[in-house]
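Input: a single structure, listed below in structure tokens.
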Amino acid sequence: MSFKFLIESLLLGSISGQIRCGRSSVIPRGDVSYGGDDTDELNMDIMLFAFGTLIVVYIVICIVYFFTKQIATRLITAYYNEHGPGQRISLFSDYDENNAHVHSRRLMENMSLRWPNNLDDADEVRDKLAQLSPEEQFYYKQGEEYIKQNPPFLLNQGLLQQSEDSNPDTTREDPIMNEQTRQYIQEEGAYAWEFSPNPDMPNHTVIVENKTEVSFLNYNYDASISTNLPIPCINKVYYCEFKIFETDGPLNSDENVSKGVISFGLSTQPYPYFRLPGRHHHSIAYDSNGARRFNDSFKLNEQLRTLFPQCEKGDIVGIGYRSRSGTVFFTRNGKKLNEKSVGGHIRGWKFQYLYPIIGSNVPCQIHVNFGTYGFVYIEANVKKWGYAKSNGIKLPPPSYEDYGKDTLLESGGEDNDFDEDFSDGDSDNIAAGSTTNLNDDIIIRNGEILPPPPGFEFTMSPPTGKKIINEEINLDSLPMLPPSYSDDEHHSKNDKSAISGRIIGTSRNLITDEASFDSVDNDNEDENDHERDPEQFSEFDDYESRMHGI
């Protein structure tokens, strides 16, 4: 009751002008008059005040609603343009790893909505499909079914942008161009890209040599092969060249103009390996017959069929991709091709992963350059549009062409050269019967003298304080007669063996001196023997007889 009285007092005081000089005069309840005129005046003022308040609130609500509607309309329109009208809008991430296959198929359908083509209109496809042969219809349906069963891996651009703006620790790693792949590209450079055939492809259809030399062995049926890595999409422009190195006859002859085709292009993966590029969704190609195909498997009009010049053996076709704008351009033999007659280059063709692809239905050999060596297109060399550096940071193998610059190999080369010179220089002398002294000084190429080879005189130190006598040991220094083993010559045998022991290894002078000395000793011994007692001889004879008996 007191709260109601306070409100009435404030209202009456404000209306009657009793609030003066910042002060409010509260009128007691008993002094308030509730006459009829005052009551009507009070109710009118309250109604006017309430009505004005409602108008102000309504205007504020209308303004908020208008701005909210505009913002929501723009957000929803942008979301539908990017994800399609069939997608559910959610404030949270609706990506489910368990439904990755369904998610990829939805993204593929959304990409088709962004770049409409002849394959998306069912009525138009039905009419054009009827114009194809039964075999072509079969392969077209097989290719479309292959893409439906194996949708290309596409990342949601909105999720990618969100992950870039969020905390780096919580970002989702790129499953293809991850840190390991980037490290591999940094080490290998442009050699990181190589063509890999599909495992389901028939044997001996495509042979890959040296990573980028592709040989097609198929005849009268389509086959295609793509690289193991996509375009990095880090730089602004990427460029590669395809050289028709070898063909099985002319490509554009009167008999082969409608059958033999080699296609060079870009596509998403996986792509039907039994179809040429440019025939199905998310692929573009330059055909060797001069046509440009962009998601079109049917008969082309005259402008697209003759847009580019025809290719033959030795021609070089280049494909450039601008990652910022999604523009694809083509070159032939170093000259950029004009596409204004069909509306210019294809623009806005942005994908997270695009792979270089080659297709053919005739035997041929194609060499591809991703930046390992110079391009024929000069602008690509100047602006360095290759997929990566030519060699990367990995050290190349040593070159064996100039082996003389290597220190180890140079020393080996000198030894070989000396051996050849020695054999060549001495061959004439050896044939003439001359001998070569091994103790002669050997002079090498640099003018240095090598030490003589080691001999027996250096195997042991010579005796000091004695005169060294050079002697020659041969068969003449040995005794001529064999030793006698008879009883009568027992003493002479012992003497000769002693003499022969002294002869071996001594000089001739020493031999003569010792021989004379031994003869004197023998004479003295004979005299002593005659002077000995006969009993001693008898004892000696008994001893010898016992020895013979034993």
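Here the Cβ of each residue, glycine as well, is placed from N, Cα and C on the backbone.
Pulled from Swiss-Prot, these are the features on record:
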{"type": "COMPBIAS", "residues": "487-496", "note": "compositional bias 'Basic and acidic residues'"}
{"type": "DOMAIN", "residues": "172-375", "note": "domain 'B30.2/SPRY'"}
{"type": "CARBOHYD", "residues": "Asn110", "note": "N-linked glycosylation site"}
{"type": "CARBOHYD", "residues": "Asn203", "note": "N-linked glycosylation site"}
{"type": "CARBOHYD", "residues": "Asn210", "note": "N-linked glycosylation site"}
{"type": "CARBOHYD", "residues": "Asn256", "note": "N-linked glycosylation site"}
{"type": "CARBOHYD", "residues": "Asn295", "note": "N-linked glycosylation site"}
{"type": "MOD_RES", "residues": "Ser519", "note": "phosphoserine"}
{"type": "MOD_RES", "residues": "Ser538", "note": "phosphoserine"}
{"type": "REGION", "residues": "479-550", "note": "region 'Disordered'"}
{"type": "TOPO_DOM", "residues": "1-45", "note": "topological domain 'Cytoplasmic'"}
{"type": "TOPO_DOM", "residues": "67-550", "note": "topological domain 'Lumenal'"}
{"type": "TRANSMEM", "residues": "46-66", "note": "transmembrane segment"}
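Structural mapping of features recorded in Swiss-Prot.
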{"residue": "Asn203", "record": "N-linked glycosylation site", "Cβ neighbours (10 Å)": "7"}
{"residue": "Asn210", "record": "N-linked glycosylation site", "Cβ neighbours (10 Å)": "10"}
{"residue": "Asn295", "record": "N-linked glycosylation site", "Cβ neighbours (10 Å)": "21"}
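In this structure the C-alpha atoms belonging to Asn210 (N-linked glycosylation site) and Asn295 (N-linked glycosylation site) are separated by 31 Å. Spacing of Asn295 (N-linked glycosylation site) relative to Asn203 (N-linked glycosylation site) is 28 Å (Cα to Cα, whole number).
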